[in-house]
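Contents: one structure, followed by commentary.
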Amino acid sequence: MISKDKLKKLVGWEALKYIKSNTIIGVGTGSTVNYFIEALSSIKQQIEGVVSSSQHSSNQLKKLGIPLYNLNNLNDLEIYIDSADEIDLHMQMIKGGGGALTKEKIIAFAAKKFICIVDDSKQVNILGRKGPIPVEVIPMARSVVSKSLICLGGLPEYRNGVITDNGNSILDVYNMNITDASLLEQRINNIPGVVSVGLFAQRKADIALIGTQKGIKILNSN
């Protein structure tokens with residue numbers, strides 16, 4: 001039986017096949033992405049550099065000698081590679097377990113192509129049944145946002161002791177019945193004090209590389 005870590009490593013290396021020479025790549029955050037960053041270091045001479053979604057990923061990229069770029073200084077971004085906490089058959093995702101959801105969402109929006117790399121434990125039929133939806137909030141709005149999330153049917157829990165790279169707080173929302181992920185994403189985003197929500201339904205993955213016991217399964221959004 002192939003271990004979960006081995007599956008993560010396999011999809012991390014598989015993602016290299018989608019990278020063109022002399023381009024700048026968006027890179028996400030998480031344990032699967034850590035394997036991708038290791039793989040990326042093997043072709044670092046062939047790429048221009050990387051836009052990173054978190055300080056954690058930036059630190060790893062710097063150690064490996066991979067140049068970092070500011071998204072504001074780029075005209076376009078060809079590709080973004082990141083993992084997910086959950087992904088469904090429609091390529092909609094829950095992300096943000098590592099707390100980097102806002103920057104992840106910005107880079108995903110900016111990129112022409114979004115590739116999600118996961119092991120098959122992350123693939124679900126319905127989002128939100130296995131874990132919470134992370135919501136990044138302005139600290140002073142935590143209570144107000146929590147009340148609004150309860151009105152939407154959720155059970156928000158403050159992620160104690162966690163401050164995002166943007167200086168904000170995280171609410172993990174349990175018990176949310178997700179029948180229309182895109183609509184729910186919009187509703188949560190519209191709550192004053194919400195910075196971003198870890199539902200990636202409006203900007204879905206274009207390609208998913210899923211590590212399974214039988215090999216790598218590839219899903220396309222179209």
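Cβ atoms are placed via backbone N, Cα and C, with glycine included.
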Co-listed substrate-binding residue [Swiss-Prot; alongside Thr29, Gly30, Ser31, Thr32, Asp82, Ser83, Ala84, Asp85, Lys95, Gly96, Gly97, Gly98] among Lys4, Lys122, Lys147: Lys122
Extra residues within 8 Å (Cβ to Cβ centroid of Thr29, Gly30, Ser31, Thr32, Asp82, Ser83, Ala84, Asp85, Lys95, Gly96, Gly97, Gly98, Lys122), substrate: Gly28, Val33, Val118
Integer Å distance between the CA atoms belonging to Glu104 (active site, proton acceptor) and Ala84 (substrate binding site): 10
Nearest-integer angstrom distance between the alpha carbons (Cα) of Gly97 (substrate binding site) and Glu104 (active site, proton acceptor): 11
